[in-house]
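What follows is one structure encoded as structure tokens, with my remarks underneath.
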Amino acid sequence: VSSGAGDLRQRKKQNCTESDKMAPEGRNKENSKLGRSPKYVLIQRFAKLFFGCLAAVTSGMMYAVYLSTYHERKFWFSSRQELEREITFQGDSAIYYSFYKELLKAPSFERGVYELTHNNKTVSLKTINAVQQMTLYPELIASVLYQASGSEEVIEPVYFYIGIVFGLQGIYVTALFVTSWVMSGTWLAGMLTVAWFIINRTDTTRIDYSIPSRENWALPYFACQVAALTGYLKKNLNCSAEKFCYLLVNASTYTFMMMWEYSHYLLFVQAVSLFLLDSFALAQTEKVHEVYRIYLFSLIVGYLLQFENSALLVSPLLSLVVALMFSKSLQVNMKKSTFVSRLLKIMYIYLVLTVAVTLNFLLKMFIPHKENEHLLKFIEVKLGLNTTKNFTMNWLLCQESLQAPSQDFFLRLTQSSLLPFYILVLIICLFSVTQVIFRRICGEPLKETVKLEDGRIGERPEIVYHVIHTILLGCLAMCLEGMKYLWTPYVCMLAAFGVCSPELWMTLFKWLRLKAVHPILLALILSMAVPTIIGFSLWKEFFPRIMTELTELQEFYDPDTVELMTWIKRQAPVAAVFAGSPQLMGVIKLCTGWMVSSLPLYNDDDLLKRNENIYQIYSKRSAEDIYKILTSYKANFLVIEDSICNEVGPVRGCRVKDLLDIANGHVVCEEGDNYAYSKYGRFCHEIKMNYSPYVNYFTRVYWNRSYFVYKINTVISFQS
């Protein structure tokens, strides 16, 4: 093994040396033919690199400023009090930001981390490791930066926090710019990528709805990883650039895994793309397996630093990577087009899949894991393999992000011209890749250097990778609308690369066999003309809309919630525990600091069960049943939301009260008719009537148009 590893390192060194020597010689020959001096070429290359980098950085900075301006116009953030600002964080976002606040209030960073890892002041009767369970590494980093940079006297904590997130979104856009630039060779593709990304912002990012969400922290690092991987997969890359890309892939992969609990699933999709790329012998095997080692290292380090997170050990990524590395020995001589090598290739693919599935099954059998069991149950129900009356499963199935994408989504992408050009580019690349695979099967070797006149865009490994990657992400996006935020940014990138790439147009002209016009000249013209026309049309149609967004003053004000939080801070005891919907409990925890009975988190079985039990306040159950549920969690106050109790949803059967009736057996469906069976009225309605037995268990202490707060009696007084 050691001798084999030494041979591999020696081959890599020789390849780097040869490419470093051959590249200048080839360029010098080409320049001498064109009558250019090396000095002129050096200046030209430097100017192209300088202006491209300047355009990439400027695009990212402008997008970050755009997000900040839009956020200010939407929420009037600068003119709000702290309580009103915090109310803009809803659901799980409120929980993430509340822990950031707690870290800043702690006497020291070490003490703050200890309190988060042994947290018993958030959820009643429960001590949680919040850093592990909620992936709070972004908040840890933000708090360290805020205190270490001495920003306490310069900027408020909330502005520093959202400023980091907006800055990361700028890096996200810059990484997409660079990826498209590296693939096409022109930074015009990067500009078009950014334009499409911003115009389709509703479908490319969730930053408008949930600033602190984990994907807003993590996806910029994944975009950097994809950009570095694109460069790393390129042929004839000089040694310095290859090392830089390799190090960047290392750093960004590890950081991405630490920022998001579901990152290993997205890396699994990427690993499958690389596996297919290598299986068809379209990339250097050594490079692909180096990426596998990066995955393995990141999983091991992530497991250790995430408090021995068992979800990483049973992840499909680990099983696939181990299977690939175990089966690598069978890939000897596969690049040669003999019958034996083709047979070995089929055996190799079969062995990898078999070992990966078997290993994952064994790991799940012997390693205790509860974190993602609900995901498997959800997939079963989603695919129609199982049915359930479980409230949590049905509630998840009713969420918009877990539905199939609507027609409006495809209409928006078509109106911005993104979808038609993406389909065109994808078809050309896919057919070219298919031709290359067929040639490899027939024994034709890949060219070391693909020239423009060859018209073989499918022989470039980085292009093949992106084609496979977007197809896999697209399949997921067609099943779950929430996955569009992973797919659409790379649709923007691939479409922009295609229309700006002379090689893609040349590939098309090779198939059409143009003779009237010189195909190379026409490809160069179209690669400049088409994106320019697209850019001007987008500018004319969408730029006024974007400027209107920035100049139009919007108003987000929720006086009822402000009044509720103010009453809690002034009137409720410090040791009080509040019960209500998980989304509202997150806001109460952030704005008041009081303990709550549930949280809007869906990666813990106990919290999921708590949420379902607390939601029973909107079901048709007796006052005694609800009282027993609430007191079992040591709740002192109950908050009923009128919006849930009187909800009139667009889809009947997806309202909270409908799902509770189904789970409790209070609704029987026969031939399309619904029959309700319950001797009790709906609790949230009945308690407002102030009659026995409800007044025996609960005393109303506060109400406004949206909320009703009841004190849970410790001593039950029976009234007639």
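In case you wondered, yes, glycine gets a Cβ from its N, Cα and C as well.
Because TrEMBL annotations are produced automatically, they should be read as predictions rather than curated entries.
Note that the structure is a prediction, hence the values are computed from the model and not measured.
Here's what TrEMBL has on this protein:
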REGION    1-33  region 'Disordered'
COMPBIAS  18-33  compositional bias 'Basic and acidic residues'
TRANSMEM  49-70  transmembrane segment
TRANSMEM  181-199  transmembrane segment
TRANSMEM  265-283  transmembrane segment
TRANSMEM  295-326  transmembrane segment
TRANSMEM  347-367  transmembrane segment
TRANSMEM  419-442  transmembrane segment
TRANSMEM  486-508  transmembrane segment
TRANSMEM  520-539  transmembrane segment
The transmembrane segment (181-199) versus listed stretches 49-70, 295-326, 347-367, 419-442, 520-539: most Cβ pairs under 8 Å: 49-70
Whether the transmembrane segment (265-283) meets the transmembrane segment (419-442): three or more C-beta pairs under 8 angstroms: yes
Close approaches to the transmembrane segment (486-508) from elsewhere in its chain (Cβ under 8 angstroms; 6 or more beyond its ends): 172, 176, 179-180, 183-186, 188-190, 192-193, 196-197, 200, 203-205, 219, 223, 226, 266, 413, 418-419, 421-422, 424-426, 428-429, 432, 450, 452-458, 460, 466-467, 469-470, 473-474, 476-477, 519-520, 522-524, 526-527, 530-531, 534
Top partner of the transmembrane segment (295-326) among 347-367, 419-442, 520-539 - counted as Cβ pairs under 8 Å: 347-367
Residues from the same chain, set at least six apart from the ends of the transmembrane segment (419-442), whose C-beta lies under 8 A from its own: 280-282, 337, 342, 410, 413, 456-459, 463-464, 467, 470-471, 491, 494-495, 497-499, 504, 507-508, 511, 534
